Structure formats: C-alpha cells, structure tokens
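**Student:** Okay, handing you the structure first.
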C-alpha cells in the first residue's frame, strides 16, 4: 500500500498537490502547521478542505516557536506585506527556516506512518524569491532526512518546474479548478478565493489563472509534456 504525507496549508499549491496525491496514493495524510501565521483563517481553510476531500487523516501541529524566532510579514501583524524586495534581495514574506522545519516534521510523521513520500507544493519556476523553494534545497533536505532516519524517504515536488498557469491546468486535469479557485486561501491578507487582488500572492495567482484560461489547450499541452 502506497502512503504519502502532504504538507498542507490550504492554499492553491498545496491543495492541488493534495488532490493529485489522492489520485496517486492508496493512503494520504495531510499535515498543517500552526506557526502563528498572519491569519488563522489559513488553518480553518485547511481543516475544511481536508475534511471535504476525505483525506485519511489531517494533523495540525503547533509550531508557534517559529513565530518567536522568525521575523516576517507573515508572522508579525505590524509588518505590512510589501511588493518590494528587502535589502537582502528577499521578499518580506519570507519566513526563515519555515520549510526546513515543516519538511523535518513531515518527515518524522512519514516515518511514524510508514509513508514513503512527503509531498510539498514548493516551486522554483514561480518561487517568489524564497530560497527554501529551490530544487537544490529539496534535494539537500531529502538527503539529510534519509541519512538522519536511516531509511528511504522521497520528497515529492509536483509543482517544482511548473509555472502558475500550468499549476491551474493541473488542478483542472483532476476536475478541481473551481474548488481550488473558490475554496483555497493563498492571499497574504487572509481572504479565501480570489483574495484581495493586490498582494504578491494574489497577483501571481490571478495572472496564472488568466494565462491558463486564455489558452487552456496550449497550457495543458505544456503540462502534459512536463508530467
């Protein structure tokens, strides 16, 4: 029996990964991390989606210690989300160590469950300047987890080389475009669905959707060539 753990935030990318996993694995477990993020709606959205999609289990882990250590627009209400990069070249929504922590804990959970895969929706094509969304980082994390736990564990990144239009096409391939469009939360301002329309996450999401809707056949062909 094939088993997977999906790192699940309730956003567009992780929901698309979860839907794909439900079609590819016999048993799928979702794990959501409460790190004191800007909007608690993210946790509620993930819980509702996990229930509606009938995952085998959904675990919400309290990792609010990350909030104490990582200063970011996503962990501090007093820091407004900016469309400009900081002096270090990173967006101010970058939470240092977040994916290191999430993948480590998801890997431990996978070990407990006997799951062979941890699935995450990180993407280098549209990685928004986050260093912990790069393929090189994922490969390094997989190596560290396998060595540290002395067992094979695959970090699966279905979206790594997809642009946002192709990610929308992937949701549509599983007949879930409307669900992802209307019920996920990607917005940095905590608005489900189309979001605020002005934050970086909403702008990237909307552009990808428009690009897909403008050329469905072409984008789907690009997706099929990559998958």
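Along the chain as shown, residues are numbered 1 onward.
In case you wondered, yes, glycine gets a Cβ from its N, Cα and C as well.
From Swiss-Prot, here are the annotated features:
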- 8, 9, 10, 11, 12, 13, 14, 15, 16, 17, 18: ATP binding site (BINDING)
- 187, 196, 199, 202: Zn(2+) binding site (BINDING)
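Looking at the shown structure, what environment does each listed feature sit in?
**Tutor:** According to its DSSP assignment, residue 18 (ATP binding site) is helical.
Residue 187 (Zn(2+) binding site) carries neither a helix nor a strand DSSP state and counts as coil. Cβ neighbours of residue 187 (Zn(2+) binding site) (same chain, under 8 Å, six or more residues apart in sequence): 195, 196, 199, 201, 202.
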**Student:** Non-local Cβ contacts of residue 16 (ATP binding site) (under 8 Å, 6 or more apart, same chain)?
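**Tutor:** Those within reach of residue 16 (ATP binding site), by Cβ under 8 Å and sequence separation of 6 or more, are 121, 158, 159, 167, 170, 171, 176, 180.
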**Student:** Which of the listed binding-site residues (18, 196, 199, 202) has the least company, meaning the fewest other Cβ atoms within 10 Å of its Cβ?
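**Tutor:** So among 18, 196, 199, 202, the binding-site residues given, the one with the fewest Cβ atoms within 10 Å is 196.
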